[in-house]
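Asker: Below, the features straight out of TrEMBL:
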TRANSMEM  12-34  transmembrane segment
TRANSMEM  40-61  transmembrane segment
TRANSMEM  70-91  transmembrane segment
TRANSMEM  97-118  transmembrane segment
TRANSMEM  125-146  transmembrane segment
TRANSMEM  166-185  transmembrane segment
TRANSMEM  192-210  transmembrane segment
TRANSMEM  230-252  transmembrane segment
TRANSMEM  264-297  transmembrane segment
TRANSMEM  328-346  transmembrane segment
TRANSMEM  358-381  transmembrane segment
Amino acid sequence: NCKARNIHRRPNAGNGIWLCSLVPLALLINAWTYPKSSSYLYKACGFISFGLFLQTVEIIFKLSCRRVHFLFNVATKFLPGIVPSLLIWFLLKIDPIFSFLIGLLCCLLFNFFYMFLLKRLPRSFTLGEAAIVTQGLIIFLFGAIINIGDSLIHKFPEKPLKEMTLILSVALLGLFLILLLIHGVPFCRKPLIFLILLATWILLTALLPVTDPLPAVLAVEFLFLDIGRVSVLLIYGGIAAVTGAFVAWKISKKSSTSVSIRKVFHIVIVFVYLIGIILQCTMLYLLSGLVLALFFVAETLRLIDFPMIAQHLEAIVGAFLDDKDAGLIALTPIYLLVGCSLPLWLHPAPCDLTDSTTFTLLPLIAGVLSVGIGDTMAGVVGSKLGRHRLANTEKTIEGTLANVVSQIATIFFLHFIGFLSLNLSSIIISFVGVTINAILEAKTDQVDNLFLPLVTFSIFSINI
């Protein structure tokens, strides 16, 4: 029934409906595992994500029906929002009016943006992939608005991670509003108008009084007044320079394929994230959000055909595309960044090493392991040495085994050099998580960079 509703899914892929459960599982499992570190806002996000899951099921059910009665259609639009509202009211003891307002509003907004993505960005998503993206968007909008409002009305945050969260909330929320404006008002796509909007966004992000000192001053002091952070920034700068030179060289060779460039970037992102998570977690948290914003700005410049820039961006983006980029937007590089960052963004206290005796680094490296290491090794070994095909798939047994072995080897290596503490339960969880993500990588046709980190993160977060 999708075509009748002007919905064009990503070709050569299934619906991936099961993906709609991954974000709620990740949030609820972590809220259960880390109850002391999970704030009221985090728990509310978990309950809202459950409502968004129900809303997704409701939408997909209607898409499978030829006709839906008007009253049934209206009633079922509101029912999924009632569930998280009740959970927030009863379990978090929050004002009932506010609870129902946020629960219903979030689910209705999800309904709108989910259909918006599927209709306005044809051939870009499966139903499940669109669910993950929209769930993440709604949860971000809810958290960002609450954080910004609390800072403006009550008090400034004191912990570095909360300060960086506020800066990212302002930056990404402002960029989201600009992207909506550009989409809805063609006049805003003119180069001069776009530059004015971009400058306004940068100024608001830098000067909106949500932190003390102002965000621009705070970010500069945080990044450059600590020798450890400066050292990591210099390492990142060196990695970026070498990688940029490699990409430029590859692009200049007309015969080069995007596969080799993508795999090199997978390796690069492994080093970037492992260094950041282990040495400067809060800084990596800030930079990951800022780079995501830069990705969106660059993609917008490409899509509006910005003079003198768009053609160069087109060449760079073309080096990263794969067969799953069938729509208008180049999602592969964005998904790679998001996949490695999701554990940092979804963990209730990603950089608080004093959280409790149950804290472990393992969930934070779920994205790096599953996407950066496992998926890369599966592709390399499978293409070079693969001889035996898995049933009903083009993937090989050799590639899948390389996926599992490379992830397990990395986990034990980090344990032996003292960065990761393993016991019997965490070893069992590691084997289970790695095996499941390797099997899913081999057997599904959904975007690996998007769902594998969520699956692995959820399993690694289980405390037994």
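Glycine is treated like the rest: Cβ placed from N, Cα and C.
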Asker: Please indicate, using numbers and ranges, the residues of the same chain that are 6 or more beyond the transmembrane segment (358-381) and have a C-beta under 8 Å from a C-beta there.
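Answerer: Same-chain contacts beyond the flanks: 30, 33-34, 259, 263, 266-267, 269-270, 273-274, 277-278, 281, 336, 339-344, 347, 349-350, 352, 395, 398-407, 410-411, 414, 419-421, 426, 429-430, 433-434, 437-438, 441-442, 448-449, 452-453, 455-457, 460-461, 463.
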Asker: Count the Cβ pairs between the transmembrane segment (40-61) and the transmembrane segment (97-118) that lie under 8 angstroms and are 6 or more residues apart in sequence, then report whether there are at least 3.
Answerer: yes
Asker: If you count every Cβ pair below 8 Å, which range out of 97-118, 125-146, 230-252, 264-297, 328-346 shares the most with the transmembrane segment (12-34)?
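Answerer: Of the candidates 97-118, 125-146, 230-252, 264-297, 328-346, 125-146 scores highest.
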Asker: Counting Cβ pairs closer than 8 Å, which of 97-118, 166-185, 192-210, 230-252, 264-297 has the most of them with the transmembrane segment (328-346)?
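Answerer: The listed stretch sharing the most Cβ pairs with the transmembrane segment (328-346) is 264-297.
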Asker: What residues in the same chain, six or more past the boundaries of the transmembrane segment (230-252), come closer than 8 Å to it by Cβ-Cβ distance?
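Answerer: Residues 223-224, 260-261, 264-265, 268, 271-272, 275-276, 279-280, 283, 287, 315-316, 319.
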Asker: Go through the chain and flag residues at least 6 beyond the ends of the transmembrane segment (192-210) whose CB is under 8 A from any CB in it; none is fine as an answer.
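Answerer: Contacts of the transmembrane segment (192-210) (Cβ under 8 Å, skipping residues fewer than 6 from its ends): 148, 151-152, 156, 166-167, 169-171, 174-175, 178, 181-182, 216, 297, 300, 304, 306.
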